[in-house]
Ligand code: EPU
């Protein structure tokens with residue numbers, strides 16, 4: 001993949017860095033302050049929500065990441081005018097001229113993100129039809145879209161699978177329905193929300209995901225005029241309305257980026273202040289960070305994460321849907337766990353193939369075994385099904401430099417951390433993937449004192 005790494009140069013000017021490789025001389029603690037903007041996994045959905053409004057929306061704290069650029073491109077081919085706003089990171093989204101897009105224009109975005117599937121409900125409401133190209137996203141499991149399609153059918157959509165993607169129509173409009181998800185899927189919950197707010201009548205969703213990013217999407221939809229109640233036990237009720245307005249909203253900070261830099265502080269014996277991070281949404285992560293021995297301080301404007309100066313402790317964790325330990329947090333943390341004194345266990349229960357990244361860590365000197373069994377917690381959906389989804393990490397290990405090819409977004413960031421904490425020099429290729437979800441990570445590495453050279 002040839003990626004244009006959008007980042008700020010050493011001189012501070014904004015340039016596109018061609019090339020996809022970085023050589024890191026490890027062993028230097030990362031120290032300093034960086035800022036996180038809005039969460040990738042909220043901002044991209046908030047942009048889709050703007051399609052539902054009759055008037056323009058204003059979204060603040062939008063990070064400059066490639067997933068945002070993909071969604072922007074898809075909005076634009078559907079006639080949404082997207083322009084920068086008054087402050088850095090603000091987007092104005094004007095959907096007053098929404099129109100059907102040409103298949104070829106939509107297809108240009110095929111394979112680059114999973115967000116297009118969330119265009120279905122809003123486009124069906126606005127235009128009566130939607131075409132969704134082949135989806136992309138990280139290869140961390142099968143990642144089917146069966147829940148999405150089933151939900152849309154229940155609202156009354158007619159789904160037609162074509163060789164190039166999926167075409168949907170709603171000949172009789174969309175109507176509220178009762179939905180029960182087999183698993184609290186983030187995307188399928190968002191699909192229901194974005195479709196139900198304008199569907200006729202009431203929708204009841206059982207088994208909903210309740211991640212903070214979903215709650216923030218609900219905040220946005222309420223600002224637009226939606227009526228949504230969140231009950232106990234993962235039940236969400238939506239009363240459809242005839243008209244929604246645009247919104248003005250500052251996006252929830254990126255919890256995954258926050259956890260990634262926190263793990264980087266721990267793995268490199270460093271000290272990183274993550275500006276914009278908040279305690280409430282990081283509660284579960286902070287508990288684990290403390291159990292490993294990491295220190296943190298909560299401030300009004302962010303969280304300081306730092307290495308204690310004493311040996312790290314092993315932990316047993318299981319990834320889960322909110323309020324559990326997020327799957328996106330495990331990869332960076334695993335790098336820190338290679339430094340802990342003793343045996344840690346990580347049981348991945350959200351994605352069946354999210355340990356591909358550990359091969360590179362093993363090449364660098366880590367001792368990690370991957371097992372098919374459900375270790376260290378309760379039996380999950382992936383037990384007895386041949387999925388390598390439990391990791392046993394024995395530490396402490398001294399990592400040494402290696403040549404690494406980044407496999408996916410979170411795994412790739414973990415490889416960066418591993419290279420930064422290793423003795424000697426590492427070459428990390430395919431780092432463009434990281435700019436899908438980490439804004440200006442090259443600049444941030446510089447701000448934190450990392451020793452590296454960009455190539456290409
Ligand atoms: N699933 C199905 N069928 C479906 C949808 C999901 O079987 O139709 C399964 C998945 O295969 C997976 C589980 O349900 O095993 C959970 O998937 P979910 O739908 O919750 O994930 P998602 O919406 O595709 C979002 C984030 C992920 C994050 C997960 C879990 C976005 C764009 N992606 O994915 O983020 O890991 O929720 O919190 O919001 C990342 O940022 O690196 C990333 C992968």
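Numbering starts at 1 and runs along the chain as displayed.
Glycine is treated like the rest: Cβ placed from N, Cα and C.
These features come from TrEMBL:
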| type | residues | note |
| --- | --- | --- |
| ACT_SITE | 138 | active site, proton donor |
| BINDING | 40, 41 | phosphoenolpyruvate binding site |
| BINDING | 114, 328, 350 | UDP-N-acetyl-alpha-D-glucosamine binding site |
| DOMAIN | 25-445 | domain 'Enolpyruvate transferase' |
| MOD_RES | 138 | 2-(S-cysteinyl)pyruvic acid O-phosphothioketal |
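Structural mapping of features recorded in TrEMBL.
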{"residue": "40", "record": "phosphoenolpyruvate binding site", "Cβ contacts under 8 Å, 6 or more apart": "63, 65, 67, 68, 254, 256, 257, 436, 437"}
{"residue": "41", "record": "phosphoenolpyruvate binding site", "Cβ contacts under 8 Å, 6 or more apart": "186, 211, 213, 254, 256"}
{"residue": "328", "record": "UDP-N-acetyl-alpha-D-glucosamine binding site", "Cβ contacts under 8 Å, 6 or more apart": "256, 259, 410"}
{"residue": "350", "record": "UDP-N-acetyl-alpha-D-glucosamine binding site", "Cβ contacts under 8 Å, 6 or more apart": "319, 320, 321, 327"}
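Residues 114, 328, 350, recorded as contacting UDP-N-acetyl-alpha-D-glucosamine, have a largest CA-CA distance of 16 Å. For the domain 'Enolpyruvate transferase' (25-445), the model's average pLDDT works out to 94. Neighbour count (other Cβ atoms within 10 Å of the Cβ, all protein chains): 17 for residue 114 (UDP-N-acetyl-alpha-D-glucosamine binding site). Secondary structure at residue 114 (UDP-N-acetyl-alpha-D-glucosamine binding site), taken from DSSP and collapsed to helix, strand or coil, is coil.
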